[in-house]
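Here is what Swiss-Prot records for this protein:
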- 1-21: signal peptide (SIGNAL)
- 23-29: motif 'N-terminal Zn(2+)-binding motif' (MOTIF)
- 99, 102, 104, 408: Zn(2+) 2 binding site (BINDING)
- 124, 167, 218: Zn(2+) 1 binding site (BINDING)
- 214-231: disulfide bond (DISULFID)
């Protein structure tokens, strides 16, 4: 049974609606605003625009190609540039202040934050419990930022040491830090360092528990009380317990396709459930508590990108290589609607070839279309196209900030 999380209804009300709306009252204005940030595939550049008024746009130079993350409650967009050994930050120009029965919204122009991070191949970014954590795959450490300070333009990281550099992640949970752990096995050339599993540490990097086996650990997400990570054997779940981190491995069941694993996970904010990839043409809905832990969704074509809808926690979307966007019902674990939204983009070729990416913006899904030089606006209601926004170059990775609030 999927567990609903407190605050889901409020979240849905907060995020519902798209574009920009105002409702005048004697004392306040209700404002809904979404701002879209798009990274170019070929040149170091991020383009930002307001969804309902795309002529309100800004351009930010970057060192290299970016992966974009909305962090610090949407006040900041992190631009992770793995190949350029750099992480830059952009203040989104949108911030929220919670007042219990409502939240205030402040809107201004986006602006680059002067401070940036540099280090050997930053890759996975994890945000949880007010912390933003970046793993340096070739550095043997992670850097930890305070989300509130980052929203104020301060990037002053602390460092979490790892025993060996590897492609992994670090995340806070309870009073400890969870870190992937690599083997000390010698590797040749560009071969990846084997990853053994997940372990709890204190802030100085001292072990605070035993290693939980999760061979080839990759991908992480939070939902409710749990963190989940993909493994060769199954999906490892972790929650904070009275005596430290509590681990449970959910083995892949025999009735799932064999020879493939989960390596990318998304966590719902309104119900305690995860959506993960399962091979190139499948998804799994994962319940960390109740059986069946896995429910498999076969896709008609290979997956290009997928996302969860924060306003409708039981809903997800997946784009497949034929150019179709599919709505996923997580409660039923099935595709409930589909529509063609782009030309086909084959998954053959390099993993980083220019292909569409999707993100949620209230009652719209925004889809980058690199070959067309567009961001497409797709209605969640019926998957119809509401409009397109031209973006110079090859629009690729995407992040959205914003929502609804009150101005006084």
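FYI, residue positions are counted from 1 along the chain as it appears here.
Every residue, even glycine, has its Cβ placed from backbone N, Cα and C.
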Among 124, 167, 218 [binding-site residues], residue with fewest other Cβ within 10 Å: 167
Spatial neighbours, same chain, of residue 214 (disulfide bond) - Cβ under 8 Å, 6+ residues apart: 195, 196, 197, 198, 229, 230, 231, 232, 233, 236, 249
Alpha-carbon spacing, residue 218 (Zn(2+) 1 binding site) to residue 104 (Zn(2+) 2 binding site), which is rounded to whole Å: 37
Residue among the recorded positions 104, 231 whose Cβ has the most other Cβ atoms within 10 Å: 231
Residues within 8 Å of the 124, 167, 218 Cβ centre (excluding the Zn(2+) 1 site residues themselves): 123, 135, 137, 168, 169, 180, 195, 217, 219
Rounded mean pLDDT for the residues that make up the motif 'N-terminal Zn(2+)-binding motif' (23-29): 56
